[in-house]
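Taken straight from TrEMBL:
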type     : residues : note
DOMAIN   : 124-241  : domain 'Calponin-homology (CH)'
DOMAIN   : 269-372  : domain 'Calponin-homology (CH)'
DOMAIN   : 394-500  : domain 'Calponin-homology (CH)'
DOMAIN   : 515-623  : domain 'Calponin-homology (CH)'
REGION   : 631-656  : region 'Disordered'
COMPBIAS : 641-650  : compositional bias 'Low complexity'
Amino acid sequence: MSGFVGVVVSDQWLHSQFTQVELRGLHANFVSTSNESGKATLGNLPPVMCKLKALKDILSADDISRILSESATDATEEIDFESFLRLYLDLQGRATAKLGNTKLKTSSSFLKARTTTIRHNISESEKASYVAHINSFLKEDKFLKDFLPIDPSDNALFELVKGGVVLCKLINVAVPGTIDERAINTKKVLNPWETNENHTLCLNSAKAIGCTVVNIGTQDLVEARPHLVVGLISQIIKIQLLADLNLKKTPQLVELVEDSKDVEELLGLAPEKVLLKWMNFHLKKAGYKKQVNNFSSDLKDGEAYAHLLNALAPEHGTTNTLDTKDPTERANLIIEQAEKLDCKRYVTPQDIVEGSPNLNLAFVAQIFQHRNGLSVDTKKISFAEMMEDDAQTSREERCFRLWINSLGTDTYINNLFDSVRTGWVLLEVLDKIAPGSVNWKQATKPPIKMPFRKVENCNQVIRIGKELNFSLVNVAGNDIVQGNKKLILAFLWQLMRFTMLQLLKNLRFHAQGKEITDADILNWANKKVKSAGRKSQIDSFKDKNLSNGMFFLELLSAVEPRVVNWSVVTKGETDEDKKLNATYTISVARKLGCSIFLLPEDIIEVNQKMILTLTASIMYWSLQHKADTPETIPEEDIAASDESPAAPSDGENASS
C-alpha cells in the first residue's frame, strides 16, 4: 500500500486544530491564490475565504476584507500557509459568534453532526462513559484483554486507538459481522503500513454502518486526535444502542401508533425520534403532563426520568424521587433506581443536571434495552411484519442510504424511501456528484406543506437525470413523490453507477482519453487477475462463478499482493465457505481503501449491481495508487460501444 504524506504544519498547536482532510483542503485553497514564492497577499484572500465551508453564507468577501483590515492596513502584505490557517481560525470563530447571535438551531444527534474544528474540547464525562462501554463489551476479547480495562483518567484510550484494533472491534460489537476479524492486523507491534490498513478498514467500515466520517482521515486516527476519536466512538456506540429501535428488531413498537398511516410514519423516523416517541408513550400513560422533545433541557430536572422508571419498574418504584426538590439529589436517586435495572453505565447525576444530550440519549436507550414495557399485540405485530420489504429490496435500500450519507450531504437520512419523496435529498446528491446541475432557486427545502412543491423538486431530479443520460422512460417526478420503491432504487442505482464512472473518467489518462464502460471494467479485472498468474476469469458481472469469492480475492491480491492472507481463504465449495470468503473479501477491500456498501449476500447471490460497484471500486483504487508505475488500459480493451457511460447495463432501466 502506498504511504501517506500529510500536510505538515510546524506549529504543533496550530496543527492540532485541524484534521488532515481539512488541512489538505485548506492548503489547496491557499495554493490557488499564492504566488511563485509560495505566499499569498492579504488582498487576494477574501474571495477565497468566503467560499470555505465554515464561512460560506455566513461571512461575505466584504466582511472578511473589513476584518482583515483591522489587523493589517497593507493589502499587498504577503503571508505564508500557517498565517493563512491562523486567519482562517479567527474568521471561523467570528462566523461561529455570528451564528450564535442568530440563535441557530443545532442538532444534538451524533449522526447528523459533522466533525469540525470549531470546538475541540472533549467532555471528560463522555470520554469516561465510552471507556466504561469499551471495558464492558470488549473485556473478553482475546487480543484486547492485555490492554483492558482502560483507565478513563489518562490518555490510555487514545494510545490504544493508535493501533486501529480497538475501533474495528468496537464496530463489530455495534453491528456484528461488519468486519471479518481475519482482516484486522493484530500483531503486538504493527508497522506503519499495517497500522494504516487498520485505520482504513475502520473508517470504511464505520461508513458502512452509518457513521459520518467526512472530515476524518487515517492520519487523524494514527495521531489519535481526541475530539475526532471521541466523536467517532460516540457514533459507533449510538448505533449499537439504537439498533433495536425499529419494527424489524422490535415489532412491539407498533404499540406506539394507532393505524397503518402511523406505522408508515414510524418506519420513517430516525431511531432517536422513535426513542423519544417511546419515552413519551410511557410518560403519558404514567400521567406525566409534559412532552419530552429532546435529550437535554427537557430532562435536566429529572422529573421525566422519575416517572419513566416508576412506570417501567414499579417493583423498584419510590415517591422519594419526585418528592425531592433538589435536581441533583433527584438525579442521584434516579441513578440508584436505574442501577436496579442494571442501567448505570452512561450517565452521572451531574450529566443529567447539565443536560448532556449524548449521554442522556445513551441512558434512555439502555433503559429501553433492559425494560421497554411494551406488550405483545399479535395482531399489530403481524401487521408491522407485513410492511417489511423483501430481502433484496432491504439490502439495496441499506446500500443506497449509507452511500448517500457517506457523501457528506447536509441531510442525514434514516429511511431511504421516506426521505427521498420530497426530492430535496436527491437534489443534494445530484449537486454533489454533478456540481452546478441543480437550480436551487426552483427547489423547496423541507418541511414542505404544499404537495406540488415536492413534485417540482422531483421533476427537477428527473430532468437532471435525463441530462446525465439516465434511462428514465415513462418516469415522472410524481413517481418519486408517491414512493415507488422499484423506480427509486433504479434511479439511485444509475446515480451510484454514474458517480463511479465519473471517478474512473477522472483517471481517463489510463484509458488513453476514451470513456470507460462496464465492459472496460470487466476486461480490466480479467486482465489484472491473469497478469498476476491466476486462472480465474469471468464472463460478466452475473457470472455464477463469482459466488465463491475467489475471483475478487485474486483481483485484490493482484492490485496489492500483501493485502490477502491466503491461509485464511477457503475453497468456497460449501455455502458456509462461500460466506466466509465473501465476508473476508469485503473487509479486505475496505482495508485496501475501497468505500463499499454491499453485504456478503450480494456476492454469494451474485447481485449484478453490487458486483459492479465492488469491481469498479477496486479498479479505481488500483489506478489511483499506481501513479509511480503508470498502468494504462490498452486501446483494444476499451469497448467500442455507443452506450453512454451513465446508461444502465444489460438492458436494465428505471421503468422495467
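In case you wondered, yes, glycine gets a Cβ from its N, Cα and C as well.
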For the domain 'Calponin-homology (CH)' (394-500), the number of residues DSSP places in helix, strand and coil: 71 helix, 0 strand, 36 coil
Stretch with greatest number of CB pairs under 8 Å, the domain 'Calponin-homology (CH)' (269-372) reference, 124-241, 394-500, 515-623 candidates: 124-241
Averaged pLDDT score, the domain 'Calponin-homology (CH)' (124-241): 94
